[in-house]
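Swiss-Prot annotations:
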TOPO_DOM  1-98  topological domain 'Extracellular'
REGION    37-79  region 'Disordered'
COMPBIAS  37-50  compositional bias 'Polar residues'
CARBOHYD  Asn75  N-linked glycosylation site
TOPO_DOM  149-158  topological domain 'Extracellular'
TOPO_DOM  216-222  topological domain 'Extracellular'
TOPO_DOM  284-287  topological domain 'Extracellular'
TOPO_DOM  342-350  topological domain 'Extracellular'
TOPO_DOM  405-410  topological domain 'Extracellular'
TOPO_DOM  470-475  topological domain 'Extracellular'
REGION    503-545  region 'Interaction with TESC'
REGION    509-516  region 'PI(4,5)P2-binding region'
REGION    515-545  region 'Interaction with CHP2'
REGION    540-545  region 'Confers pH-dependent PI(4,5)P2 binding'
REGION    552-560  region 'PI(4,5)P2-binding region'
MOD_RES   Ser599  phosphoserine
MOD_RES   Ser602  phosphoserine
MOD_RES   Ser605  phosphoserine
REGION    633-816  region 'Interaction with TESC'
REGION    633-816  region 'Interaction with CALM1'
MOD_RES   Ser648  phosphoserine
REGION    684-687  region 'Interaction with PPP3CA'
MOD_RES   Ser693  phosphoserine
MOD_RES   Ser697  phosphoserine
MOD_RES   Ser703  phosphoserine
REGION    715-720  region 'Interaction with PPP3CA'
MOD_RES   Ser723  phosphoserine
MOD_RES   Ser729  phosphoserine
REGION    748-816  region 'Disordered'
COMPBIAS  783-792  compositional bias 'Polar residues'
MOD_RES   Ser786  phosphoserine
MOD_RES   Ser788  phosphoserine
MOD_RES   Ser797  phosphoserine
Amino acid sequence: MLLWSAVRGLSPPRIVPSLLVVVALAGLLPGLRSHGLQLSPTDSTTPDSQPSRERSIGDVTTAPPEVTPESRPVNRSVTEHGMKPRKAFPVLGIDYTHVRTPFEISLWILLACLMKIGFHVIPTISSIVPESCLLIVVGLLVGGLIKGVGEKPPFLQSEVFFLFLLPPIILDAGYFLPLRQFTENLGTILIFAVVGTLWNAFFLGGLMYAVCLVGGEQINNIGLLDNLLFGSIISAVDPVAVLAVFEEIHINELLHILVFGESLLNDAVTVVLYHLFEEFANYDHVGIVDIVLGFLSFFVVALGGVFVGVVYGVIAAFTSRFTAHIRVIEPLFVFLYSYMAYLSAELFHLSGIMALIASGVVMRPYVEANISHKSHTTIKYFLKMWSSVSETLIFIFLGVSTVAGSHHWNWTFVISTLLFCLIARVLGVLGLTWFINKFRIVKLTPKDQFIIAYGGLRGAIAFSLGYLLDKKHFPMCDLFLTAIITVIFFTVFVQGMTIRPLVDLLAVKKKQETKRSINEEIHTQFLDHLLTGIEDICGHYGHHHWKDKLNRFNKKYVKKCLIAGERSKEPQLIAFYHKMEMKQAIELVESGGMGKIPSAVSTVSMQNIHPKALPAERILPALSKDKEEEIRKILRNNLQKTRQRLRSYNRHTLVADPYEEAWNQMLLRRQKARQLEQKINNYLTVPAHKLDSPTMSRARIGSDPLAYEPKADLPVITIDPASPQSPESVDLVNEELKGKVLGLSREPRVAEEAAEEDEDGGIVMRPKEPSSPGTDDVFSPAPSDSPSSQRMQRCLSDPGPHPEPGEGEPFIPKGQ
């Protein structure tokens, strides 16, 4: 009745996922039997016995009489030739053992997918309880159900976790890592990951050793190395648990990258400490040399993993150069090379997580420049799908393994572990933050410190490392595993469920849902270049300086080797523009924005009487987040650098410095040529025949040849560039027009008539030898204040281009 009332209370959209879950659970039960599918008792017969059959005689069906061995007819042909009696052809057969493993794997994946659908169908539950908690509860229920029917629940094997479930999650996090935020906070992340993990391991291990000494007879035999090994396992922050919780609360980028980056980079410390204490536990005596070698192994494991990842990332980027004609296999290279990097690192006992992160970060910019847009979409969705399914299976198997595993409970040890984990985390974050804030420009506030300390969640990595312990060398491994599961459940359930209300209560800044505008991106890039220039001036080589060095090295050498064709040379903005135009055209055709074209040849189309389509309103496609992100990336990579701009500015400069960039010269020449043409048209009223005159590339200086031969009907004007500010330096060849032109300030109409009277002759102004005017003569105002006079003075006072060295004399002699 309770089940029926619960089903009646669900709406139709919610009943379907529930029924699918029940079907999946029902399918799991027969698959988990250790001996395969059991047949009915009638089917399990001995080879000598024959099944009872009925004989049909006419319309009457009779049962065969009981046949004794003496009365059984003998088939002489069989006995003579030694052949067995022929069996009937099997119409339907059952062989579950043949498909057992893939069938059970498919059922578990199906259960994980149905769980994710069911959680989002009921939004009230998912808004209160994190998804990771619900998945663990489902695992507990499934494990209890399997154990209740008398079967042994499956256990999360460490090899399955480290080789198949963990790599997709780390690859997804490394491939789509926010590189800018990660590099800007790399120092803080390394301090939390390395120093913080070491502090937690030794602090927790030392306190637990003290607890074991006074805790009683059950835990007195646990030594110091065993407790240090246990502390190294339980001290590491789990990236899977952090991703599952922090992505739901939408915390700001700084806190997210600090906690998540710590969970990624502390893998090297955890691996080194785990193998170090595991080896030391087998030694009778540990010397100083062993401790020094263990310290050096940390750098080997961390840097070796990074090196392996970089090598495979470069190989993947280089391979993608040659996939232009085989686009189908492009996503496969990303997955294979990344997974090979992880396996190669694990082969040499290096950090596989560091190798995956390094390979994803290195290969992404070059692979995306070589592959097609469809391949990029495939990589994105496949990684998200793969990591989501792996994360779901990990939490479900955590619950199932809790029911299936053997546990040893000790109140003193378990409660002390939980309490000291919280104390070590809080003290470590407070102490390290006090030191870090002395060097950070943006300080970590007390609210930020609380979220960082409260977000240190433990997960499946600690569980798998605890499961790997050998009972021969560590007899109390069941107690360790029980304490680890307790800490995992407390951090996931208690801290994971309460972190969202605490974030709202403390008013911690959350992540902005809207992307930054293009204007903000341009200003951010401008400030980066500005800070780089300031660092160069001050002589301080900060991260902006080294970032600029790496970008220059990347553009000059690396891109030419790893990016195919002209894509390494031409700006990505142009290629992206053509891509956007193509997408827009396709969207317009699909949306009906263009006239329909007949799909088949017909007489109507041949007669050209096809009715014209009505002018449909143009549908402007909305700018998606992916397109906007591509625009931002292109702007970040292709904005003009500050050092490549003009070295100096002068308002009298018409021709650019010949040592400047070619395109800067072109822009300056065109701009100054347009300004000069505008001045001539405005001041001298010379008709501009743009159709007959070629475009001026630059201003003519000194004795340069004319850009084109002047026409006969145009007045010829020659201006002395040496002393353009002196009206006496202009000599008119036609003496009759001299007085009329000089009297332009008094009678403009007379000057116009004079120009009309002598159109054939034109006006010729020849330079005279400049005199040596005084300061008062140079800066004295004109005698007339009429508009025409002022316009003439502005024309004659235009300095024009600077003359070449040796042409003309200086305006003011050196003696004055």
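Glycine is treated like the rest: Cβ placed from N, Cα and C.
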Remote residues contacting the topological domain 'Extracellular' (405-410) - C-beta distance under 8 A, at least 6 residues beyond either end: 155, 215, 218-219, 467, 476, 478-479, 481-482, 485
Long-range Cβ neighbours of the topological domain 'Extracellular' (342-350) (under 8 Å; 6 or more residues past either end): 162-163, 167, 170-171, 271, 275, 300-301, 304-305, 308-309, 312, 356
Long-range Cβ neighbours of the topological domain 'Extracellular' (284-287) (under 8 Å; 6 or more residues past either end): none
Composition by DSSP (helix, strand, coil) of residues within the region 'Interaction with TESC' (503-545): 28 helix, 1 strand, 14 coil
Integer mean pLDDT for the region 'Interaction with PPP3CA' (684-687): 49
Residue distribution over DSSP helix, strand and coil in the region 'PI(4,5)P2-binding region' (552-560): 9 helix, 0 strand, 0 coil
Sequence-remote partners of the topological domain 'Extracellular' (216-222) [C-beta within less than 8 Å, at least six residues beyond its ends]: 209, 410, 412-413, 475-476, 479
Surrounding residues of the topological domain 'Extracellular' (470-475) on its own chain - C-beta under 8 Å, 6+ positions past either end: 221, 226, 229, 278, 281-282
Close approaches to the topological domain 'Extracellular' (149-158) from elsewhere in its chain (Cβ under 8 angstroms; 6 or more beyond its ends): 29, 32-34, 142-143, 394, 397-398, 400-401, 403-405, 460, 463-465, 467-468
